[in-house]
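Trainee: What follows is a structure written as structure tokens; I'll ask about it next.
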Amino acid sequence: MEEEGLLFASPSSSSLLSGISNVSTRPFVLAFTVCSCGAFVSGCVSGYSAPTQSGIMKDLNLSYSLFGSILTVGIILGALICGKLTDLVGRINTMWIINVFFLSGWFSIAFAKVIWMLYMGRLLHGIGIGISAYLGPIYMTEITPKNLRGAVSSCSQLFAIVGSSVFYALGTVVGWRDLAILGAIPFLVIIPVLFLIPESPRWLARVGRENEVKAVLLSLRGAESDITNEAQEILDYTEHVKQQEDGHRGFFKLFQQKYAFSLTIGVTLIALPELGGNSGYSYYTDSIFTRTGVSSDFGFITTSLVQMLGGVLGTVLVDVSGRRSLLLENRWWEKGTSILALISVLVYFASYGLAMSSIPWIVASEIYPVDVKGAAGTVCNLAGSISSWLVAYSFNFLLQWSSAGTFLMFATVTGLGFVFIAKLVPETKGKSIEEIQCLFTDSPLENSTS
């Protein structure tokens with residue numbers, strides 16, 4: 001049973017299949033379950049707004065625009081604290097904090113008697129999403145073997161799409177208060193399992209708990225596995241990073257010349273899908289399909305299925321074709337979104353699910369050394385959150401100005417993204433995290449595509 005949970009997430013190449021035995025241990029499967037449930041909850045939060053809009057406005061007579069936008073405010077607040085929080089208290093303790101935000105948010109909405117309780121619940125949800133968007137990929141990347149890292153991380157994040165689709169469907173038959181209560185159900189799985197999963201071995205090395213690193217790796221890989229080289233590589237690289245400290249401390253240590261390339265890659269990859277119109281497509285799917293005469297329910301169900309299929313395909317291919325190849329294929333197909341509304345939106349969501357929904361955060365979680373990972377995560381998360389807000393806020397105005405001009409603008413951003421990825425983003429498939437980080441911090445910019 002434990003192996004089945006990861007078999008569908010692993011590509012069918014022989015080298016990857018041979019690695020499944022190293023991640024079929026109980027602690028690893030439970031860690032994967034927690035991260036997948038966390039992504040599912042984030043998807044539920046995102047999918048809550050659309051089907052509940054009319055019911056909430058009728059019952060409480062509130063401004064729904066504020067109810068919807070306050071989620072984005074919370075996401076930005078979560079992005080501001082995500083890196084420092086996970087570095088300070090660790091990955092597992094941060095998961096406990098996120099669950100408090102999510103649960104409090106659901107109950108605040110479910111039992112709201114006054115409008116401010118709804119706003120508070122939505123704000124707490126946003127903070128939870130802002131932190132988990134960074135934490136989930138980081139944790140899975142740090143505990144997964146290099147030959148399965150992309151597939152496992154991608155599959156875990158796929159559950160966000162599933163959560164959004166499930167909640168949209170449930171919202172058509174369940175009231176908004178009951179739907180909020182249903183949002184608490186995944187925590188019946190998450191909370192007990194949190195007691196059973198290990199801390200990230202790389203975080204343990206960073207905070208000076210070196211004696212625990214080998215024990216955690218053995219629990220993740222299996223008692224019979226040889227983890228000597230992996231453990232030594234983690235400890236040696238962590239020590240190397242500490243020796244390289246040159247007096248710069250805190251958040252602003254990130255803004256040194258040696259991190260300029262990796263910071264550019266991370267921020268651009270995270271912001272690209274948002275500046276390419278993702279938030280607009282997601283929030284205003286109803287408007288897009290209404291303009292084409294297509295039922296919004298049919299449109300949402302279809303796009304959800306297509307996006308999930310794209311996500312499954314991306315999970316299968318990410319450790320076979322590589323991150324860079326999928327990103328290039330994805331940006332190529334996304335440039336067709338200005339041609340035919342229905343077909344192009346479906347193509348967009350399929351390509352988004354294939355690569356841009358998960359790979360930017362996989363790459364961002366791989367490329368930063370432990371001493372600046374928290375600060376870099378905050379900057380990348382902020383870049384994505386603010387870009388998302390800008391596009392979501394302006395999308396409706398842009399459509400009123402010119403539908404063709406709007407999609408042409410997004411297609412231009414996508415085309416520029418294609419060039420950026422082709423010229424600057426190196427492949428990270430099959431490399432250990434420490435090898436990748438050396439590639440980014442020690443190699444000159446001109447060798448970045450090697």
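Heads up, residue numbers simply count up from 1 along the chain you see.
Keep in mind that glycine also has a Cβ here, set from the backbone N, Cα and C atoms.
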Trainee: From 122-139, 374-391, which range did TrEMBL mark with transmembrane segment?
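Mentor: Going through 122-139, 374-391 one by one, TrEMBL gives transmembrane segment for 122-139.
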Trainee: Is it true that the transmembrane segment (179-197) and the transmembrane segment (122-139) have 3 or more CB pairs under 8 Å, sequence gap of 6 or more?
Mentor: no
Trainee: Any residues 6+ beyond the ends of the transmembrane segment (122-139) with a Cβ under 8 Å from its own?
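Mentor: Cβ under 8 Å, 6 or more out: 31, 35, 38-39, 41-42, 45-46, 67, 70-83, 85-86, 91, 94-95, 97-98, 101-102, 104-106, 108-109, 153, 156-157, 200, 358, 361-362, 364-365, 373, 377-378, 380-381, 384-385.
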